[in-house]
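Per Swiss-Prot, the features are as follows:
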ACT_SITE  152  active site, proton acceptor
BINDING   12, 13, 14, 15, 38, 60, 61, 87, 152, 153, 154, 155, 156, 185  NADP(+) binding site
BINDING   51, 54  Ca(2+) 1 binding site
BINDING   139  substrate binding site
BINDING   146  Ca(2+) 2 binding site
BINDING   234, 235  Ca(2+) 3 binding site
């Protein structure tokens, strides 16, 4: 199964942004995509759209031992990992006064700790090959805050410091480390918003529209290309002007 194509691991590839990014990469025909999901149902979805351009693998990204076993399988069957895209994430929204410890811990574990586990699982191989791309999907919420999302914003902003430090560690090895921070993107979740809710969100976006999954996947494609070899330690904001650093 080893191939001359680049090997990309994408977490949470069964729906939303992860699915869109995985499809974009697989359509280049020079990237084999390994998409992860927490369920067998999700893996079937991944296998269906990837066809011969990759596979879906069931993986709990909060379990270091499971990650080790999965990555051993990847290295044995594909030889290496050239690209890691940390996309999977969850929300457990509540005002802090009502937030349970479990709500806090679960979001920090999936949205922050798992990125440590996944990144650590690939960097030794990338260092050996003297090249690699690590990209993590962040959020505009990390930079502007949002009521009911202290856990989510803390995790996503924590990733910024993590990636800047990791970028410094890996830059001499030829490995780039970057983040994409989307604003409000049109997904299944936003399709369920009422017109009143949608209008409220759009009032905060100067471009007066939602972003698209395609726009995020195209930026991801650029960041993993050789055209972005001199870009590292950056957060690329894609939010229609909602936040301007």
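Each Cβ is built from the backbone N, Cα and C atoms, and glycine gets one as well.
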Sequence gap of 6 or more, Cβ distance under 8 Å: name the residues on the same chain that satisfy this around the residue listed as 'substrate binding site', in order along the sequence.
152, 153, 156, 181, 182
Checking the spread of the NADP(+) site as listed (12, 13, 14, 15, 38, 60, 61, 87, 152, 153, 154, 155, 156, 185): what is the longest Cα-Cα distance, in whole Å?
25
The residue listed as 'Ca(2+) 2 binding site' to residue 235 (Ca(2+) 3 binding site): how many Å between their Cα atoms?
19
Looking at Cβ-Cβ distances, which residues of the chain lie under 8 angstroms from residue 154 (NADP(+) binding site) while being 6 or more apart from it?
108
Shortest C-alpha distance to residue 51 (Ca(2+) 1 binding site) - which of the binding-site residues 12, 14, 61:
14
When you put residue 38 (NADP(+) binding site) at the centre and draw a 10 Å sphere around its Cα, which of the binding-site residues 54, 234, 235 have their Cα inside it?
none
Sparsest-packed among the binding-site residues, when each Cβ's other Cβ atoms within 10 Å are tallied, from 51, 156:
51
How big is the Cα-to-Cα gap, in Å, between residue 235 (Ca(2+) 3 binding site) and residue 12 (NADP(+) binding site)?
20
Do you know offhand how many angstrom separate residue 54 (Ca(2+) 1 binding site) and residue 14 (NADP(+) binding site) by C-alpha?
13
Under 8 Å Cβ to Cβ from residue 12 (NADP(+) binding site), same chain, six or more residues apart: give me those in sequence order, or none if nothing qualifies.
18, 36, 37, 87, 88, 89
14, 38 as binding-site residues, winner by CB count within 10 A:
14
Measure from the CA atom of residue 61 (NADP(+) binding site) to the CA atom of residue 234 (Ca(2+) 3 binding site) and give the result in Å, rounded to a whole number.
24
